[in-house]
């Protein structure tokens, strides 16, 4: 039960950070308080960091909100999501 609650809190913190209400540093501190310096805590912190630096909302090679496409319109190229990164004019090769 405790692990399910921790996972639920973790997902809630990611959702709040994604909306921009709190920053990555505060979430990292909460993870340290709840999980400590464990392997699972390190994995959770890595996921939060990856989500926080995702500025165009590319998730799993999909442009969910069209932000990558909008970003690349300034250069006149099509936007492609590569994992969580947006690349203009570079389609996926796989």
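Cβ atoms are placed via backbone N, Cα and C, with glycine included.
Feature annotations, courtesy of Swiss-Prot:
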- 1-19: signal peptide (SIGNAL)
- 55-94: domain 'BetaSPN-type CS-alpha/beta' (DOMAIN)
- 58-81: disulfide bond (DISULFID)
- 68-86: disulfide bond (DISULFID)
- 72-88: disulfide bond (DISULFID)
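Non-local neighbourhood of residue 58 (disulfide bond): 64, 67, 68, 81, 82, 83, 84, 85, 86, each in the same chain, at least six residues away, with C-beta under 8 Å from its C-beta. Of all the Cβ atoms in the protein chains shown, 22 others lie within 10 Å of the Cβ of residue 81 (disulfide bond).
All protein chains considered, the CB of residue 68 (disulfide bond) has 24 other CB atoms within 10 Å. Looking at 72, 86, 88, the disulfide-bonded residues in this record, the fewest other C-beta atoms within 10 angstroms of the C-beta turn up around 88. According to DSSP, the secondary structure content of the domain 'BetaSPN-type CS-alpha/beta' (55-94) in residues is 9 helix, 12 strand, 19 coil. The average pLDDT the prediction assigns to the domain 'BetaSPN-type CS-alpha/beta' (55-94) is 81.
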